[in-house]
Amino acid sequence: LSMFGTTVGLYGIPWCEKSLLLTVLMSVIGASMGILDTGGNVLALNTWGAEAGPHMQALHFSFAVGAFVAPILAKMALGGSESQDLPAAEHTNQSVWRSVPTASAASALKHHLGADFLWSYVVIGTYLLFVSFFFFILYSKGSSARDKSKASSQKGMFAKYHYALIILLFIFFLFYVGAEVTYGSYIFTYAKVFAEMKENEAAALNSVFWGAFAACRGVAIFCAACLYPGTMILLSIVGSAVSSSCLAFFARYPASLWVGTAVYGASMATIFPSGISWIEQYTVVQGKSASLFVIGAALGEMCIPAAVGYLQGRFHHVPVVMYTALATSAMTFVLFPLMYKLANSPGESDLKEMSESEDRKALLSNSGLNEDEEDEEDAGEWNEADFEVIEMNDTLRNSVIETSRKIPGDSAATVSLQQHLDDVLRDSPAVAGGSPGRKNVNVNREKND
């Protein structure tokens, strides 16, 4: 349904002549992509369960490839020559950060929006229509798989701090995705304004970021088969913290800018899919939880770039982009250990099992009178057998007493039954075997009686 909604929006955009209708269609596409992002992650977790790590990385690798290829295809569709018609004032500091295009820029863009560019919307929409059609076929034949996934999801246990983990991961994704989109959006302008690069060099730097991002996600598909998601997240946040520090303090050096951009893009690649796989190990990730993750990512994608653009407009000589990358990396570096601590805290059921096992060990230790370790182990084994015999004896004695009560006035029968029961229990192997811990158990038994 989400891909079909995106298809409808793409089909309608080339023929829009009213801004209100264009806004509605763009909103439909945005909502459909948000549903696809949420449903795709949950579907991968329900389909592959604990083995969803490589599949989750492959899912987000396709996103990285699209982010890397789409600007290249758009530039080819636009002809790549509209920048020649722009006035020279576009290359100054003030106009670079301006979000409203000039009249000449609008006319140049309109000149290149020919039939080929408009039909590209239809081609992409048709592609999504075919994908949604084949996906519907898989969905109609997957009833048994859905029942299996529902059964497996019902077996899962919620973590002790389930809601706290969800909220912290929501904030974690807000800073992470906001930093990723901010750096990918503003690195071209930063390279031209602060690093004084040529346009082709700035474009190459932008391609280095997204290329490293996509390549590292491709490698992560294979790494997820042998590395835990938590390990991949830890490596990513350490790499992003180191690279963002170099970019914030040493970006004036060209080598530091190029290497830092590549390492920063590679470090940001695996955090989102690894984060979803990581949280699924500790608690149940349902549709509501995954939607919160996507909402946090969308808020970061919307708010942080807007805030950076506003601050960069106010402070022209301050590299706000690099300081934002450093601040967001520091936030993720602090949040993940806190989430890890909460996720590994024992739950109520675990604490109950631990207390029961400790009480059992303490009780069994009182019956061990031997000094050697082998005797202590034998005593533990015999004590377990004695516990079972005592429980069996209690049940049998109660049944005898109940039977005797049903025979009014027959005290002789009661006495004979009781003596016969004592003879049977005395001759039983577990009682008559002379176990090492039997004396203390009998003593404790008498005390309890």
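Just so it is clear, glycine is given a Cβ too, placed from its N, Cα and C backbone atoms.
Between the listed ranges 214-232, 233-251, TrEMBL ties the annotation transmembrane segment to 233-251.
Taking residue pairs at least 6 apart in sequence, the transmembrane segment (118-140) and the transmembrane segment (290-308) share fewer than three C-beta contacts under 8 angstroms.
Sequence-distant contacts of the transmembrane segment (233-251) (same chain, at least 6 residues past either end, Cβ-Cβ under 8 Å): 179, 194-195, 257, 259-261, 263-264, 266-271, 274-275, 278, 319, 322-323, 325-326, 328-330, 332-333, 336. Spatially, the transmembrane segment (320-340) is not adjacent to the transmembrane segment (20-46); fewer than three Cβ-Cβ distances between them are under 8 Å for residues at least 6 apart in sequence. Here the transmembrane segment (161-188) has Cβ contacts under 8 Å with residues 67, 202-203, 205-206, 209-210, 213, 240, 261, 264, 268, 271-272, 275, 279, 282-284, 289, 292-293, 295-301, 303-305, 308-309, 312, 321, 324-325, 328-329, 331-332, 335-336, 338-339, 342-343, 345 of the same chain, all six or more residues outside its ends.
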